[in-house]
Each structure stands twice: as C-alpha cells, then as structure tokens.
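A quick write-up on the structure given underneath.
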Amino acid sequence: MAAASAVTMTTKARGRAARNGGSEIAKKQRESIHSPSILGTNYLSILGTNYLSILGTNYLSPLGAKVHLLSKPPGEAFTLKDVEKGLAEHKPTLLFITHGESSSGVVQPLDGFGELCHRYNCLLLVDSVASIGGAPLYMDKQGIDILYSGSQKVLNAPPGTAPISFSEAATKKIFSRKTKPPSLYVDMSWLSNYWGCDGKPRMYHHTGPITNFFTLREGLAILAEQGLENSWNMHRENTLRLHKGLEALGLKLFVKDPALRLPTVTTISVPEGYEWRDIITYLMKNHSIEITGGLGPSSGKVLRIGLMGYNSTKTNVDRVLDALRDALKHCPRSKM
C-alpha cells in the first residue's frame with residue numbers, strides 16, 4: 001500500500017494528503033481551507049463548545065474571515081435543527097464542526113449534516129482528531145467534504161502528521177480559486193502534487209518527515225488489520241466498563257446523554273469538595289497515571305480520561321479506577 005493511499009479517509013474523495021506538524025498543521029489546514037480568498041468573505045460558521053472552536057474565531061478573523069460561532073453548553077451536541085437555523089441565518093460557504101469534542105467528552109452525531117449543508121450550498125468540514133478509528137464515522141455516507149485528523153491519538157502514531165481528505169466538491173472549490181492561499185506551507189495545490197494526486201510531475205515543496213510518515217502508515221495498517229468495526233467496538237466496550245466503574249465510585253459523568261458520550265475521552269464532573277488539580281497530581285505521583293482537567297469552557301468543571309488506540313484495554317480501565325478510588329480516599333476534601 002502506498003503511503004498516499006494509506007492516509008485517505010474515503011474512497012470517493014480525490015484529494016488527500018498527510019502533512020507534518022501534528023496539532024499545529026491541523027490549525028494551519030483550517031486556516032488555509034477557511035481562507036476568505038477560497039470561499040468568499042461572509043462564509044464561515046463554527047459549531048462547537050470546545051477550546052479549538054473558540055480559538056478558531058481568533059486566528060481566522062485576522063485572515064479577513066467573517067466567523068459566526070454557534071455555541072451550546074459543554075456536554076451537549078448540535079441537532080439538525082440547530083444547524084439549519086445557523087445556515088439559514090448566516091448563509092456560510094463552509095461549516096466547521098468537531099466530531100469528537102475532547103474538551104467536553106461529546107461525540108457529535110453527523111447523520112444528515114452533509115445533506116443539509118449541501119442544500120444550503122455550504123461545504124462541511126469535520127475535525128476527527130479525537131475520534132477517527134475510535135467512533136463510527138463515514139465521510140461519504142455522511143456527506144463530509146473535508147475531514148482531517150491527527151496521528152497521535154487512536155491511530156497510535158507519534159504526533160507530527162495530520163491526515164486530511166477532500167470530497168470532489170471541496171477539491172473543485174479549492175482548485176478553482178482565483179487567488180493564492182495566504183501560506184505556501186499549506187497550499188493544497190502544492191500538497192496534492194507532493195502526494196501524487198494531480199497526475200502531474202512532482203515538484204519540490206518541502207522535505208517531509210519520513211519517519212513520521214512510516215509510523216503513520218504502520219498505525220493505519222494495524223487499524224486496517226484489526227478492522228474499523230472491531231476498533232469501534234473495542235473502544236465502546238472499554239469505555240462502558242469505565243463508565244460503570246466510575247458510577248460505582250459515586251462519580252458523575254459530565255455528559256448526561258449516554259448516546260453522546262465519546263468512546264475515546266470520558267469526562268467526569270469534578271467531585272464535590274475536591275480540587276481537580278489535587279486528584280490529577282495524586283494519580284501521577286502515586287500511580288504514574290496521567291489524566292487531565294477541562295479545557296476552555298469545561299476548565300475547572302471536569303476530569304478527562306483518555307482511552308485511545310492501544311491504551312484502550314480492560315486492564316487500563318481497572319487500573320485507573322483503582323487509582324481514582326485511592327485518590328478519593330487520600331486527597332483533601334473541603335467540608336461543605
């Protein structure tokens with residue numbers, strides 16, 4: 001399997017690339033894709049409750065973008081009704097949403113989103129960094145036009161590469177632009193040539209991180225051998241085991257609706273009377289286990305536990321539950 005084939009996320013999408021830089025390149029990709037010179041000036045709606053959605057309004061506005069942030073409380077997901085209201089009101093050319101909200105632990109349902117966006121002449125861009133390989137996702141079936149991810153989570157590869165794939169509609173939009181992108185670094189016309197997607201002789205654009213490409217390819221090969229459905233089931237089963245154990249400890253899951261709980265990242269409401277920093281510090285110091293607190297709107301409200309890729313095992317679930325049980329006994333608790 002060629003490396004270019006290994007990183008494509010869909011059979012129908014013609015444009016595909018893997019670039020270096022991990023989270024930073026994911027940000028750069030959004031900047032390039034969102035560039036007003038690609039999609040117009042009053043074009044972008046961001047749906048999200050997570051940290052990156054909020055950051056998006058900050059780093060896209062200086063590019064001349066008119067960004068409309070459509071938000072909901074952390075722990076909730078958007079409905080088709082929410083989306084249609086935003087599309088009708090703002091008439092964007094591109095809608096961005098995160099599939100796996102790692103800051104709040106929500107998996108965003110996407111069925112019908114692509115069809116709805118296309119009805120309003122809008123492209124759908126989806127962030128799958130925390131979900132791809134760990135939760136069901138169908139680029140073609142769900143009508144996703146641009147899908148990107150990161151190598152360092154469920155794909156089991158080191159950080160530094162970001163798979164991205166484009167639908168035919170998105171590819172046509174990008175290659176019919178009348179002005180150059182603001183950055184050569186993430187110019188998709190150059191990158192498509194670099195990855196052999198345009199049928200033209202290859203020109204030099206950059207020296208790729210070859211080691212990272214090989215590790216990403218191996219991570220994808222392992223996932224392919226396991227099978228997507230098997231990987232989805234494994235993440236779901238281990239996360240359900242974790243949820244039951246957390247509830248047995250008297251802890252409350254932050255996402256109320258079980259159907260909206262992300263299989264790769266579990267969020268727990270910070271238990272009453274405890275400081276979240278005390279708990280994560282105790283786990284690291286006494287059990288060599290790293291969990292983290294909230295991010296952005298969920299900051300100070302939750303503890304986050306990741307079960308991704310090779311880390312998603314029953315053994316690890318039981319280990320973190322034992323560590324949390326110990327932390328709740330020994331961490332200071334204020335009297336209410």
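Cβ from N, Cα, C; glycine included.
Those TrEMBL annotations? Automatic predictions, nothing curated.
Among the features that TrEMBL reports, region 'Disordered' is placed at 1-29.
Positions annotated as domain 'Aminotransferase class V' by TrEMBL: 63-319. When pLDDT values are averaged over the domain 'Aminotransferase class V' (63-319), the model yields 95.
Close to Lys153 (N6-(pyridoxal phosphate)lysine) in the fold, though at least 6 residues off in sequence, lie Val129, Ala130, Ile132, Gly133, Gly134, Thr264, Gly306, Met308, Gly309, each with a CB less than 8 Å from its CB. Under the heading N6-(pyridoxal phosphate)lysine, TrEMBL lists Lys153.
Feature annotation from TrEMBL assigns substrate binding site to Arg304. According to its DSSP assignment, Arg304 (substrate binding site) is in a strand. Non-local contacts of Arg304 (substrate binding site) by the CB criterion (under 8 A, 6+ apart in sequence, same chain) comprise Ser102, Ser103, Gly105, Val265, Thr266, Thr267, Ile268, Ile291, Thr292, Gly293, Gly294, Leu295.
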